[in-house]
Each structure stands twice: as structure tokens, then as C-alpha cells.
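In Swiss-Prot this protein carries:
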BINDING   GLU49, HIS57, HIS59, ASP107  divalent metal cation binding site
BINDING   GLY222, ASP223, SER224, ARG225, THR226, GLY227, LYS228, THR229  ATP binding site
DOMAIN    8-116  domain 'CRESS-DNA virus Rep endonuclease'
REGION    156-176  region 'Oligomerization'
MOTIF     15-18  motif 'RCR-1'
MOTIF     103-106  motif 'RCR-3'
Amino acid sequence: MPPPQRFRVQSKNYFLTYPRCTIPKEEALSQLQKIHTTTNKKFIKVCEERHDNGEPHLHALIQFEGKFICTNKRLFDLVSTTRSAHFHPNIQGAKSSSDVKEYIDKDGVTIEWGQFQVDGRSARGGQQSANDSYAKALNADSIESALTILKEEQPKDYVLQNHNIRSNLERIFFKVPEPWVPPFPLSSFVNIPVVMQDWVDDYFGRGSAARPERPISIIVEGDSRTGKTMWARALGPHNYLSGHLDFNSRVYSNSVEYNVIDDISPNYLKLKHWKELIGAQKDWQSNCKYGKPVQIKGGIPSIVLCNPGEGSSYKDFLNKEENRALHNWTIHNAIFVTLTAPLYQSTAQDCQT
């Protein structure tokens with residue numbers, strides 16, 4: 001008689017199935033992590049499932065740094081911590097870790113450790129169908145999930161076309177941002193200078209059809225914590241541009257009533273879109289650095305908010321001799337207000353600007 005065949009599995013990816021196993025997935029993961037192996041483990045995923053008859057079982061995927069040779073069929077046995085019981089798995093070498101991961105992700109609840117190691121093989125005999133992979137990505141619930149699918153199933157595209165893939169998914173998964181909800185009602189701002197209130201009444205007191213073709217903007221200068229930002233943002237639907245200009249569709253909308261330009265230095269705005277934004281110009285294009293050209297509908301005023309002092313004050317900036325022409329243009333397209341006191345009385349707003 002031939003000698004009995006010795007148990008031997010050699011693979012980078014191990015697929016384990018524990019029938020009728022009552023050990024919780026967290027405990028199973030902990031025990032698998034502690035098993036000594038001559039090759040380092042890179043990733044472990046455990047899935048806890050129940051058959052239709054209620055019988056529990058576990059699946060586990062273990063990925064190693066390199067091929068691991070297992071000659072001990074009891075190596076991956078799990079031990080119950082609540083009773084005297086051992087659970088022995090069916091041990092298989094997996095040709096495609098991606099297929100095993102997809103299989104155990106379908107049902108049950110999972111827990112994992114480490115970083116999944118992507119492979120380029122499929123148990124179906126060839127590359128994963130690109131159409132299947134991209135269809136699955138489109139059905140994902142987030143950009144991150146879609147990218148993970150493509151990383152695991154189409155690694156070549158993921159590496160060579162990553163920028164285009166990410167850009168396309170951002171457009172596909174784009175969701176209109178939730179409207180900003182002001183923390184304080186407009187009625188709490190009780191110290192509004194007359195010139196500011198007149199500007200508000202003149203613009204917001206009319207229907208959109210009755211507003212001028214190019215409304216006048218307003219430049220408000222005041223110390224920090226005077227409430228100017230909260231006041232400006234409480235007036236209605238708006239774009240909030242702070243620190244720099246970003247016309248990405250994720251943060252900038254062509255369907256709002258006005259722009260709030262907050263803490264953007266006058267020198268920066270001069271180099272970018274001073275006349276377009278303060279002058280409420282229509283149908284212009286932004287070519288800001290690091291982004292594709294964006295068409296801006298425009299035709300809405302801007303509330304420019306700034307602090308006093310060199311580099312911040314729009315008044316001081318425009319009073320410089322080299323900005324005389326821009327000064328003359330701006331006084332015909334915006335009104336200036338200097339705050340001498342907070343716009344509110346409540347101490348609750350004292351931490352807001």
C-alpha cells in the first residue's frame with residue numbers, strides 16, 4: 001500500500017472554513033493573530049455567518065507576506081473560551097484573495113486586521129471583467145468604496161488611471177452640499193449700522209426679477225469677534241470663500257444669492273477675480289491654479305469681510321498710490337463700512353467672528 005499522503009498547503013493566501021463554530025469573530029481573529037507562523041501575516045479577515053437552519057460557522061482569509069507552507073493540519077484550530085471544545089477548519093490555498101474576500105463579504109458580519117493585499121488573479125480563470133468591476137463601483141455607496149473595488153479588481157487601471165478615475169468618481173458621486181444653517185438668527189444682530197441695513201434692504205428686499213443687473217457689493221471692515229461673519233452668513237443662501245478662492249462645484253454654487261469673501265487678502269483677490277466678484281459680473285471663467293477652468297454664472301453681489309491692518313484692510317490697500325485705478329473702480333461697485341462695535345449684544349456669540 002502507498003503511504004498516506006502527508007498534509008501540505010503552500011500559498012500566500014489561506015481560506016479557512018470552520019463549520020458549526022460558535023466562537024465569536026473577535027475571539028477568532030485574536031487567536032489567528034497569535035498563531036506562530038514562519039512567514040509574517042499581512043491581513044486577516046473573519047466572517048461570522050449562520051446557515052438557514054441557524055447553525056453558525058466562520059470563514060477566514062489569511063494573507064501572508066510570502067508563500068507559507070503549512071504541514072500541520074491542526075495549526076489553525078480555534079479553542080472555545082467558554083467550554084472544552086476545539087474547532088478544526090477546512091484549509092485551502094486560495095489562488096485569488098480578491099475572490100475569497102468578495103465571497104466572505106457577501107453575507108454575515110466581518111472583522112479584519114491589517115492591510116488587504118491586492119492580487120491580479122481571479123478564480124474564474126482570467127482577469128475580472130472590467131465591466132463587472134466598474135458596474136460594482138458605480139453601485140458602491142461612496143467614493144472610497146468604489147475606489148477600493150477598483151483597487152482590488154482592476155489594479156492596473158487603479159495605478160495607471162488613478163487621477164482620472166478619482167476625478168470621474170467625484171463627479172459621479174457628487175452630492176449637493178447641505179445648506180449652511182446659521183447658529184444665530186438674523187434677529188440677534190441688533191447693532192447693524194444704518195448703511196449696512198440699507199444695503200440689505202435694497203438687495204434682499206426685492207424679488208430676483210427686480211434686482212439690478214449688477215448689484216452693488218459691500219466691504220465690511222472690523223475687528224475679530226464683532227459678529228460680521230455670522231451676520232453675513234445668516235442673510236440667505238450663499239457661497240462662503242475663506243482664505244482662498246475655490247470654485248470647485250463641491251463648495252461653490254451658481255444658484256445662491258450672494259458670495260461671502262472672508263479673510264481673503266486684498267492683494268490675493270486683486271491677482272485673481274476682484275472685478276468679477278466685487279463687480280457682480282456675469283458669465284465669467286475662473287482659471288485658478290490647480291483646477292480646470294470653471295464657468296461662473298455670476299451676477300450676484302459679494303460681502304467682503306476683513307480685519308483692519310496692513311495686508312488685511314481693503315481700505316488701506318486701495319489707498320495706496322499703485323492701486324489708484326482699482327480704488328476708483330471699486331468705489332463705483334461697492335460700499336464701505338467700518339465697524340466700531342459688535343453687531344450683537346448676546347455674550348453667546350462672543351466666540352464667533
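Heads up, the Cβ atoms here are built off N, Cα and C, so glycines get one too.
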Non-local residues, at least 6 beyond the ends, that sit with Cβ under 8 Å of the motif 'RCR-3' (103-106):
45, 47, 59-61
Please list the DSSP helix, strand and coil residue counts for the motif 'RCR-3' (103-106).
4 helix, 0 strand, 0 coil
In terms of DSSP three-state secondary structure, what is the assignment for ASP107 (divalent metal cation binding site)?
coil
Whole-number Å distance between the CA of SER224 (ATP binding site) and the CA of HIS57 (divalent metal cation binding site)?
62
Of the binding-site residues GLY222, ASP223, GLY227, LYS228, THR229, which one sits closest to GLU49 (divalent metal cation binding site) when you measure Cα to Cα?
THR229
How does the region 'Oligomerization' (156-176) divide up by DSSP, counting helix, then strand, then coil residues?
16 helix, 0 strand, 5 coil
GLU49, ASP107, ASP223 as binding-site residues, winner by CB count within 10 A:
GLU49
Relative to the Cα of ASP107 (divalent metal cation binding site), which of the binding-site residues GLY222, ASP223, ARG225, THR226, THR229 has the closest Cα?
THR229
Tell me the coarse DSSP state (helix, strand, coil) of HIS57 (divalent metal cation binding site).
strand
Quick test of the contact rule: Cβ under 8 Å, at least six residues beyond the ends. What residues does that give for the motif 'RCR-1' (15-18)?
28, 57-62, 76, 78, 87-94, 100
Least buried by Cβ count (within 10 Å) of the binding-site residues SER224, THR226, THR229:
SER224
